[in-house]
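Asks: Shown below is the structure under consideration.
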Amino acid sequence: MEPQQRSPLLEVRGNIELKKPLIKAPSRLPLPGTRFKRGPDQMEDALEPEKKRTRGLDTVTKIATSQSRAPAITARTQTQNQITAPKVPKKTGPRCSTAIAMVLKNQKSGPAVPAQKPGAAAPPMVGGRKPTKRPAWDLKGQLCDLNAELKCCRERTQTLAQENQQLQDQLREAQQQAKARGAECRTLEGELARVQAQAEQGQQELGSLRARVLELEEQQCTQEGLLRELQKEQLGLQEERRGLAARLEEQERRLQASEAALSGSQAEVASLRQEATGQAALLVEQGERLHGLEMERRRLHNQLQELKGNIRVFCRVRPVLPGEPTPPPSFLLFPSGPGGPADPPTRLSVSRCDERRGTLSGAPAPATRHDFSFDRVFPPGSRQDEVFEEIAMLVQSALDGYPVCIFAYGQTGSGKTFTMEGGPGRDPQVEGLIPRALRHLFSVAQELGGQGWTYSFVASYVEIYNETVRDLLATGPRKGQGGECEIRRAGPGSEELTVTNARYVPVSCEKEVEALLHLAHQNRAVARTSQNERSSRSHSVFQLQISGEHTGRGLQCGASLNLVDLAGSERLDPSLALGPGERDRLRETQAINSSLSTLGLVIMALSNKESHIPYRNSKLTYLLQNSLGGSAKMLMFVNISPLEENVSESLNSLRFASKVQLPPGPGPVRTPGCL
């Protein structure tokens with residue numbers, strides 16, 4: 001930015017300040033009363049006695065002191081002039097400024113060199129350089145120097161007095177000019193204040209006018225925007241009015257068409273009502289027919305199962321496990337069925353070599369072959385789904401109201417538990433009969449719900465160990481206590497049997513069944529035998545009570561599905577375990593064989609239609625008596641080992657199964673399941 005120019009008002013104020021009295025510079029003349037006031041002759045007379053003492057040290061010191069006084073006075077005068085000079089005001093007029101500048105220039109000049117007195121001896125020069133100091137004994141020369149300096153000072157004083165007079169004249173003139181310019185400045189200041197007030201008032205009026213203009217412009221813009229919106233709204237309303245008029249015309253035409261169609265629809269509605277009445281009657285008729293077909297299906301299904309045999313026997317050979325010896329190919333043979341290789345096998349041939357027998361020539365005797373025939377034979381490669389497919393219709397009979405009992409019989413390690421419960425883990429490919437049967441029942445019950453049937457399922461799981469009933473679903477303090485469970489009638493005059501203090505758990509999905517199976521598997525009694533590291537030493541009985549109801553027709557049906565995993569059937573010697581528990585294992589084996597023998601006697605008595613059935617000889621047959629006789633369906637899986645070393649136990653199991661098998665045909669008649 002450019003520097004601001006000095007205003008005239010400030011210059012006038014500077015001139016006014018010049019009215020202050022100036023401070024006079026001190027004189028350079030020697031002060032009165034000093035010894036320099038004497039004349040030269042008096043000075044010489046006064047100094048004459050001193051010459052006599054020049055040799056003393058005190059005399060030299062005094063002379064040196066007197067010589068240094070003159071320069072001190074000069075220096076003091078110059079210092080006072082330098083201090084006083086800046087006090088002169090700087091803000092003056094042109095003429096006053098020039099005079100002050102001249103005074104300052106004269107004061108800053110160095111001290112005048114005193115003129116050398118004529119006839120005085122000058123200080124000696126050494127090699128053309130500055131004169132050296134006079135010696136102490138040259139008092140006359142020193143006196144001459146002082147006189148010359150005094151003269152010079154007097155001349156200087158006269159010059160300064162003249163300059164001072166001139167400066168005072170200039171100052172008076174400058175003060176007069178300052179007064180005139182001060183009056184002029186005050187006049188200009190008044191006029192300037194008036195002009196500034198007018199300018200400020202004009203600026204305020206201009207600002208208010210500008211604000212008013214902006215306000216009016218904003219109002220104008222608002223009004224214009226509102227006008228445009230109103231115009232748009234007007235155009236929209238006009239367009240909407242035209243649209244509404246067109247729609248009104250269209251609605252009037254449609255109303256006329258609707259009125260014309262209404263008359264036709266009323267006639268059509270009357271026709272549809274008649275048709276709906278006919279459809280309702282037809283629906284009732286179809287419902288009756290569907291119900292009749294369902295009851296006929298149940299009757300035919302039961303008749304088909306009876307034709308197949310109310311007591312059936314399936315044989316299943318487990319596969320060879322890793323680490324076991326592979327049997328010879330001729331050990332087990334599976335001849336084709338009556339229809340050829342396409343039919344599932346129903347026969348089994350077991351070859352046995354007896355090393356104790358021999359011919360007269362000493363050669364080993366030929367192998368003896370034992371042939372057996374069952375309702376179905378499953379080779380070692382059979383899958384779990386193939387096995388369940390054969391019993392799915394039997395499980396359906398339980399849902400239709402007929403008791404069903406399925407056994408898994410065989411020696412220890414023949415695959416009974418695998419057939420009933422499945423393998424370890426939750427692999428769907430190795431699921432056993434129990435989870436597959438429950439899934440099938442839940443699915444079919446949901447389908448029958450569309451026909452008005454509702455089903456409920458209650459599950460229980462017990463084991464019979466040494467003729468003692470234990471609850472496998474017990475938890476907490478009751479876990480493992482079997483003395484509290486007893487088999488009793490459900491009520492006076494009732495044929496239904498129940499286990500006291502056992503848990504009966506309602507189930508409705510597969511996950512609930514899986515949880516029950518897992519709990520029962522943990523609670524079941526097992527032990528190590530010579531045939532298996534973990535042998536089931538008890539009969540496990542999974543019972544599912546099925547209750548169905550058709551509220552629309554007042555029909556009810558109920559039955560139980562029993563899935564039994566029997567304990568290992570071995571003779572006493574092979575299954576005895578060494579150690580301190582030998583007597584316990586012996587007692588377990590005796591109880592197992594006794595109950596299995598009773599089961600065989602009960603089945604044989606039923607097949608021979610004897611009047612007395614020995615149900616009470618065993619806790620197992622007593623618990624299952626309602627699912628063994630009458631219209632009940634019974635299926636026994638005989639499981640055998642594929643190993644040649646177990647051929648003796650396998651033959652015993654096959655012979656036991658052959659005894660309980662009935663020829664196909666209608667069995668004992670019992671009251672139908674649906675009431």
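Every residue gets a Cβ built from N, Cα and C, even glycine.
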Asks: If you look at how TrEMBL annotates this chain, which of 109-134, 343-368, 473-498, 525-550 comes out as region 'Disordered'?
Replies: 109-134
Asks: Match it up for me: which of 70-94, 220-244, 570-594 does TrEMBL list as region 'Disordered'?
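Replies: Among 70-94, 220-244, 570-594, the range TrEMBL annotates as region 'Disordered' is 70-94.
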Asks: For the record in TrEMBL, which of the ranges 26-46, 320-340 is the region 'Disordered' one?
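Replies: Matching range for region 'Disordered': 26-46.
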Asks: Can you check which residue among the binding-site residues Gln411, Thr412, Ser414, Thr417 has the largest number of Cβ atoms within 10 Å of its own?
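Replies: Output for this query is Ser414.
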Asks: With every protein chain in view, how many other Cβ atoms are within 10 Å of the Cβ of Gly413 (ATP binding site)?
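Replies: 22, counting other Cβ atoms within 10 Å of Gly413 (ATP binding site).
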Asks: Based on Cβ atoms within 10 Å, give me the single least packed residue among the binding-site residues Gly410, Gly415.
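Replies: Gly415, out of the binding-site residues Gly410, Gly415, has the fewest neighbouring Cβ atoms within 10 Å.
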